[in-house]
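Copied from Swiss-Prot, the annotated features are:
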type: DOMAIN; residues: 164-334; note: domain 'Helicase ATP-binding'
type: BINDING; residues: D177, E178, V179, G180, L181, G182, K183, T184; note: ATP binding site
type: MOTIF; residues: 280-283; note: motif 'DEAH box'
type: DOMAIN; residues: 490-685; note: domain 'Helicase C-terminal'
Amino acid sequence: MPFTLGQRWISDTESELGLGTIVAMDARTVTLLFPSTGENRLYARSDSPVTRVMFNPGDTITSHEGWQLHIDEVKEENGLLVYVGTRLDTEETNVTLREVLLDSKLVFSKPQDRLFAGQIDRMDRFALRYRARKFQSEQYRMPYSGLRGQRTNLIPHQLNIAHDVGRRHAPRVLLADEVGLGKTIEAGMILHQQLLSGAAERVLIIVPETLQHQWLVEMLRRFNLRFALFDDERYTEAQHDAYNPFETEQLVICSLDFARRNKQRLEHLCDAEWDLLVVDEAHHLVWSTDAPSREYMAIEQLAERVPGVLLLTATPEQLGMESHFARLRLLDPNRFHDFEQFVEEQKNYRPVADAVAMLLAGNKLSNDELNRLGDLIGEQDIEPLLQAANSDRDDAQAARDELVSMLMDRHGTSRVLFRNTRNGVKGFPKRELHTVKLPLPTQYQTAIKVSGIMGARKSAEDRARDMLYPEQIYQEFEGDTGTWWNFDPRVEWLMGYLTSHRSQKVLVICAKATTALQLEQVLREREGIRAAVFHEGMSIIERDRAAAWFAEEDTGAQVLLCSEIGSEGRNFQFASNLVMFDLPFNPDLLEQRIGRLDRIGQAHDIQIHVPYLEKTAQSVLVRWYHEGLDAFEHTCPTGRAIYDSAYASLINYLAAPEETDGFDDLIKSCREQHEALKAQLEQGRDRLLEIHSNGGEKAQQLAQSIEEQDDDTNLIAFAMNLFDIVGINQDDRGDNLIVLTPSDHMLVPDFPGLPEDGCTITFERDVALSREDAQFITWEHPLIRNGLDLILSGDTGSSTISLLKNKALPVGTLLVELVYVVEAQAPKQLQLNRFLPPTPVRMLLDKNGNNLAAQVEFETFNRQLSAVNRHTGSKLVNAVQQDVHAILQLGETQIEKSARALIDNARREADEKLSGELSRLEALRAVNPNIRDDELAAIDSNRQQVLESLNQAGWRLDALRLIVVTHQ
């Protein structure tokens, strides 16, 4: 193309310079000035890497003065283009704009503009963009969005609760599973779904102080949710950044004590407009009709202001009826306002539970039983269902299941309370106790005597704590010169046990971090035993590395030495040997220790070893735990209640272990109390609630469906393709582990979610569960979601040129591959992507407008194409620009029909689903008062807004590829 002074061109290699103007030329060179940067470039005339910028009728352009022109006609005068059209700000027609007066800061965002301006992407980036659109659209439509990405075992009862609650508007529920069944994971799954769908954006978690780091770790490691931990120091710092410090973070964890201690702080918490509030250990909130505690009132204030509330608590039977009512009152004070009425109501659910038990038993029902069912579900004609359920027909079981479902809907608190028990959930191992009685060394005997004399004025509790850890007493007297590990028989026993079980992983827990550190040194120096240490003084990353080393099968640590606090929230199901080097002070901590191994997913029976020193508090406590509470070999829901009632007597025996008179009677009394309470709890079990919480067959199918999605080969191929194109280094470490590190030539300087020093990833759930340092990559992982956003929010891969070698077609034949996106704009909380996610529509048009996309599949076609360098590509585009423009206009005509069909289908699906959900809940409200008015109103409002947003849905061209046929 001939050059003329004043023409506008763009650099193929430096598009960031903007629009250039020819300011000088001679026989061999041409000089361009780029006004937006003030730079000049000198190019050879014969083969310069520049592209002429030419706009077409229908385009909108901007003048150097800032006003815009809609082009109606393009003229050429002396080699320069003159654009004629309508000025948008004044609506004046027949306005002319010479190309020399175009805005130099021109940004080409439309794919066709980028193509015509020579901004041509690599072919592999176009393919990645199309795949990203396709996979993103598919993922939005997947039925279990938000449940697939967490690093957890796929446990049916947990998935059932999370799936039910996570899809609700502003859920307000009580999670009351027995210990070890995963309430924290259930809460995390619910949060993950709500945050991923946009139903919630701001979350506050309030927990006891000792559990803050456990929650921080669990949310980050299992769900990739990065919470901020607020304490006094962080709160004071944040006051410099905002009037309300809590508005500086979206996801916050704080302790209950921190929340209630300061009136202004509580007001700030209440004013921070949270979407979800999570309260752990909610059974510690003391309430009575006359005198609710300050902690209870603080949470009550928050629960009144926050739409969604999750309370995690001990089982209702452990709490007692009044305490249980107090939790429900926090969730829905209008519904649960009268304790006496609540007690009466609970009694009335007994016939419902009995009816469900009859149906589940599978026996034929008597006339009386059929009549009772008819009375319980009186507002509907269920005669045909009753007949089917009581027959030998093939549909008998289906009829029974439907009747059970109808009865469940009428069950008082089943929508607000979820509770699973170990009896109702299979898959737990046995626990076997091995006690090892060891002599008390003379050094300890001396230290204890001296301590007794010096600490005569200490309280019984302080003396008891001292007596539990004699090594601490000895070390205090001896100082740095003390070496208790040289004579403590527990150390010798531990070394002997570990050397005789070299092939087995062993978890050792002791109360103090210093004990763990000293034991590690002794094991390493004396026996060369590989031991990892895990304590509260380590950072989360250091703990991860220690846990990962322990998890490695062949070259990993044989033993992990944990302190009491350091082990909180970490589970090591791959090990089944637990050594308690000392004993914790109360049964809750004992259960927490055993719970590190005793989880769902543990494949072996747990061997619990307790080496203890005679004539110390350890010998007293080991007997009380085992003989009085049976707390080693079985979970002990009665432990806290009995501990509280026996506390005064127990403390005295611990403080003076040599005084054994009456101790056998105490053990006997505690055992009787334990058996009585246990029987009482068993009798009070709410079978109906367990069935509802457990999910049964439906929950099993849910787990199976997600497990099948784990094996998605498309994800692995896409992720590796994404990392290649973004410029992330990948180092395969074997064992299904890959190390990702940033490179110097990435698409963006900082890839969101990729640490500076890199990270280890795996696509295998089992590997991720055993290797805490490896991130579990799914479609829901931030690395993949951020990668999709990075590609799709910019113009990466939106315009390219390829060659098709095909002798069946004439040389120079043109094809244009168009990728349109049909989408609707709406606030995230409407979750419009359930019905109409940004959906790609691919078209492959020839010169006559024939769409060949249905006959030519994308991946097959892509493999037949070869790339063109940018300079050659620009020349090709210039040569066929008019033809391409004509094909684009044909595409604009054809897309409307396909797009309208997608939008109409989405509207129909949304209307059916949301109207059906509303109708079901409205009908249910007649028989179950636990359906809240605000929930019904929210669903109705959501339905109207969704349909309105879908009415305004549209489409746009997202990417295009020009294909030229060649025979070479």
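Note that Cβ sites are derived from N, Cα and C of the backbone, with glycine treated the same way.
Keep in mind it's a predicted model, so treat the numbers as computed, not measured.
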Counting only residues at least 6 beyond its ends, the same-chain positions whose CB falls under 8 A of a CB in the motif 'DEAH box' (280-283) are 174, 183-184, 187, 205-208, 211, 215, 299, 311-314, 318-319, 323, 327, 330
DSSP helix, strand and coil counts for the motif 'DEAH box' (280-283)? 2 helix, 0 strand, 2 coil
A correct count of other C-beta atoms within 10 Å of the C-beta of K183 (ATP binding site) gives 25
Within 10 Å of each Cβ, count the other Cβ atoms, then let me know which of the binding-site residues G180, G182 comes out lowest. G180
Quick check: with D177, E178, V179, G180, L181, G182, K183, T184 left out, which same-chain residues have Cβ atoms within 8 Å of the centroid of the ATP site Cβ atoms? E186, N420
Other than its own, how many Cβ atoms are within 10 Å of the Cβ belonging to D177 (ATP binding site)? 26
Across the domain 'Helicase ATP-binding' (164-334), what does the pLDDT come to on average, as a whole number? 89
Here are the binding-site residues: V179, L181. Which has the lowest count of other Cβ atoms within 10 Å? V179
One finds that other Cβ atoms within 10 Å of the Cβ of T184 (ATP binding site) number exactly 20
Please report the number of other Cβ atoms within 10 Å of the Cβ of E178 (ATP binding site). 20
